[in-house]
């Protein structure tokens with residue numbers, strides 16, 4: 001009977017709907033939530049003081065200047081932060097709302113969530129009852145790509161509209177599974193930069209990603225529609241935390257990668273693409289002029305002004321420029337030649353077969369005409385009926401010589417940056433005639449000649465014979481006026497210092513004289529031009545001899561002499577000058593060879609000369625990341641030991657007669673196509689430490705080398721590339737080690753490149769994924785140093 005009495009009640013309980021999940025306010029007003037380890041903070045923020053626009057976002061928690069990595073309501077800001085909330089609704093969604101604006105943002109999860117997690121990686125995750133994610137911020141990024149964030153073909157990182165406006169901008173980073181590459185895209189449709197195809201080891205256009213201590217990359221299911229890509233940053237050792245790093249699509253359309261420097265408490269730009277801002281599609285807008293030589297990339301030509309002054313001041317140039325005196329079509333309009341320029345995209349045109357004067361007359365009579373260009377030989381006239389975008393100087397064979405319609409009311413309007421600069425600088429030139437004479441007298445004491453830009457332009461035949469290009473600028477071969485002596489003229493790009501600072505540093509460099517340093521003969525510091533004139537080195541740079549397919553072959557005797565001479569030159573910079581000079585860019589391209597193949601170190605002092613900070617120095621090392629010491633990335637202070645590391649990497653290349661990083665295995669010899677040899681240092685380190693030095697030596701030498709010198713030089717190289725800068729020898733000691741004055745023992749294996757040899761791939765295609773709650777594989781150390789010591793001496797200091 002009791003069972004009969006309670007049975008209907010039990011049935012009733014089963015028939016009732018489950019209790020609803022109660023709504024939960026997660027954040028209200030100025031409240032914040034910290035992630036595990038307090039690395040990230042979730043809360044409301046405003047980009048400027050006094051702004052009425054507030055956003056829910058994720059930022060780094062402990063930094064003096066807020067750095068936002070994700071924004072929820074980037075399209076609809078809230079205006080009343082005090083009543084604004086982040087809430088988990090009873091229906092299982094995350095929403096941002098307030099009393100005044102209502103719901104301004106909501107997650108789009110397909111299944112209801114019951115709770116949330118805020119991970120130490122900066123990922124906001126909505127989970128269900130069994131803890132599985134139903135939505136996460138990593139799948140819905142804004143402009144930032146964090147370590148551990150899995151990028152698919154459905155994921156896009158879109159820039160902010162401007163520095164202070166988080167709303168979606170014009171530029172996005174996307175993974176294209178069909179092309180197996182990342183692309184930077186303008187307005188979702190126009191690609192303007194790509195990484196190139198995935199080779200199984202790296203993207204073709206980004207060889208630096210193969211350096212093991214910077215990232216660990218994983219490409220899952222490449223060449224398929226479900227392809228995904230993610231990365232992590234391994235710690236430098238077993239006790240330190242991984243470096244804070246992030247990729248960001250800037251509002252200016254460049255993809256940048258930053259690392260955090262705990263010493264200076266600031267972000268350092270480690271990498272960016274495209275390097276030339278003028279390659280960014282439509283950066284300067286209609287009738288805006290783009291030049292990488294300006295302090296800011298975009299300018300309006302005289303006679304034009306920004307359409308949006310406020311946006312222009314905040315580095316948003318997308319609205320472009322307009323005529324100062326209204327639209328074209330007035331009787332007072334006239335024409336001025338722009339010169340050979342190119343522009344982005346297509347422009348609506350009308351084609352005619354008329355003379356130049358008739359072409360101009362036709363344009364002037366058409367209210368829609370912006371300008372024209374005319375080909376004299378064929379009388380081809382093209383009338384521009386739309387304003388061209390992102391004007392820039394023409395390069396190569398693509399040239400569109402445009403004549404723009406300008407109004408002359410109030411001023412002489414000349415559209416053409418090449419014409420504008422002399423007009424701006426006329427007043428300055430009179431003042432500098434007097435100072436140049438004083439400069440010539442002062443620098444003559446240092447045997448430095450002060451050149452005019454016109455003199456160097458003439459000496460290089462209009463900068464026509466380009467013999468090299470480095471991070472600091474292009475190098476041209478020339479002949480000094482009234483002489484048959486060849487010189488190398490380096491035209492510096494993006495000068496970072498004022499004229500007085502530039503001349504002071506030139507004075508310092510000119511005072512440095514050493515047989516293994518390239519001699520500075522003179523310079524030019526005129527207007528925006530910064531040029532350095534060096535002795536010309538007829539045998540070129542060491543880099544031209546480091547290819548197995550090159551017909552040039554250096555004997556072992558020459559290689560050893562180059563190594564010793566380079567070491568002496570660097571040691572003089574570190575220890576022989578009044579002020580220690582850290583080169584910051586030791587690599588084969590900066591080791592030049594005179595007619596007798598003696599080594600001459602070039603580009604010394606340029607990092608300081610151009611005001612290069614961490615970001616700008618590393619920006620010069622595009623394609624040469626194999627020489628960058630770990631402390632560049634870890635945030636430790638940069639000392640002379642950074643040059644020692646780079647020198648050690650260069651020694652390995654000199655011994656092997658090849659580059660350290662080779663993405664395309666076709667450039668290797670037939671016997672050297674093993675997968676591990678795509679990155680030479682870890683394999684070479686293992687062979688050298690285990691006593692198999694002969695296997696590392698350039699096979700083209702056919703055994704014609706001094707075994708004792710090879711062993712000594714190879715062992716010194718491994719000492720130089722130690723992870724811990726404290727156990728790397730000073731350059732003065734390196735010289736003595738190479739000379740045989742200081743004996744050398746077998747060094748410990750470098751831990752960072754050791755991880756690569758152990759089989760923990762940084763280059764291959766991974767079949768695993770890195771998900772929340774499951775740590776990505778750690779660095780392994782599978783290479784141990786032999787117990788026996790070398791027969792030639794004590795450990796080096």
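Using N, Cα and C of the backbone, Cβ positions are placed for all residues, glycine too.
Per Swiss-Prot, ATP binding site is recorded for 467, 468, 469, 470, 471, 472, 473, 474, 475, 490, and the stated evidence type is sequence analysis. For 278-290, 284-298, 359-381, 363-369, the entry in Swiss-Prot reads disulfide bond, with the evidence type similarity to another entry. The domain 'Bulb-type lectin' annotation in Swiss-Prot covers 24-139 and is backed by sequence analysis. Among the features that Swiss-Prot reports, domain 'EGF-like' is placed at 274-310. Annotation comment: Swiss-Prot describes 321-407 as domain 'PAN', evidence class sequence analysis. Summarising the annotation, Swiss-Prot assigns domain 'Protein kinase' to 461-742 and lists sequence analysis as the type of evidence. Under the heading region 'Disordered', Swiss-Prot lists 767-797. The signal peptide feature in Swiss-Prot is assigned to 1-23. According to Swiss-Prot, the feature topological domain 'Extracellular' maps to 24-401, an assignment based on sequence analysis. Under the heading topological domain 'Cytoplasmic', Swiss-Prot lists 423-797, citing sequence analysis as support.
Sequence features, as recorded in Swiss-Prot, placed on the structure.
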| residue | record | DSSP (3 states) |
| --- | --- | --- |
| 278 | disulfide bond | helix |
| 284 | disulfide bond | coil |
| 298 | disulfide bond | strand |
| 359 | disulfide bond | helix |
| 369 | disulfide bond | coil |
| 381 | disulfide bond | strand |
| 467 | ATP binding site | strand |
| 473 | ATP binding site | strand |
Quiz item: Can you tell which of the binding-site residues 467, 469, 473 lies nearest to residue 290 (disulfide bond) in space, using Cα positions?
Solution: 473
Exercise. Grab the pLDDT values for the domain 'Protein kinase' (461-742) and give me their mean, rounded.
Key: 83
Self-check item: Packing count at residue 298 (disulfide bond) (other Cβ atoms within 10 Å of its Cβ)
Solution: 25
Quiz item: Say you check the Cα of residue 381 (disulfide bond) against those of the recorded positions 298, 363, 467, 469, 475; which is nearest?
Solution: 363
Self-check item: Rounded Cα separation (Å) that holds between residue 475 (ATP binding site) and residue 278 (disulfide bond)
Solution: 21
Quiz prompt | Candidate nearest residue 298 (disulfide bond) in space, where candidates are the recorded positions 369, 467, 469, 473 and distance is Cα-Cα | solution = 473
Practice problem: With residue 473 (ATP binding site) as the reference Cα, tell me which of the disulfide-bonded residues 278, 284, 359 is the closest one. | Solution: 278
Quiz item: Out of 278, 284, 467, 469, which of these recorded positions is nearest residue 363 (disulfide bond) by C-alpha distance?
Solution: 284
Practice problem: Please report how many Å separate the Cα atom of residue 284 (disulfide bond) from that of residue 469 (ATP binding site), as a whole number. | Solution: 26
Exercise. Taking helix as H, G and I and strand as E and B in DSSP, count the residues of the domain 'Bulb-type lectin' (24-139) in helix, strand and coil.
Key: 9 helix, 52 strand, 55 coil
Quiz item: Which residues in the same chain, at least 6 apart in sequence, have a Cβ under 8 Å from the Cβ of residue 469 (ATP binding site)?
Solution: 475
Quiz item: Once the chains shown are all counted, how many other Cβ atoms turn up within 10 Å of the Cβ of residue 473 (ATP binding site)?
Solution: 22
Practice problem: Can you figure out which of 278, 359, 369 (the disulfide-bonded residues) comes closest in space to residue 467 (ATP binding site), comparing Cα atoms? | Solution: 278
Quiz item: Which residue, of the recorded positions 284, 359, 363, 467, 475, has its CB surrounded by the fewest other CB atoms within 10 A?
Solution: 467
Quiz item: Once near-sequence residues are set aside, which residues in the chain of residue 278 (disulfide bond), 6 or more away, have Cβ atoms under 8 Å from its Cβ?
Solution: 290, 291, 292, 297, 390, 392
Quiz item: How many whole Å apart are the CA atoms of residue 369 (disulfide bond) and residue 359 (disulfide bond)?
Solution: 11
Practice problem: Determine the most Cβ-crowded residue among the disulfide-bonded residues 290, 381, using a 10 Å radius around each Cβ and all protein chains in the structure. | Solution: 290
Practice problem: Provide the three-state secondary structure of residue 290 (disulfide bond) computed with DSSP. | Solution: strand
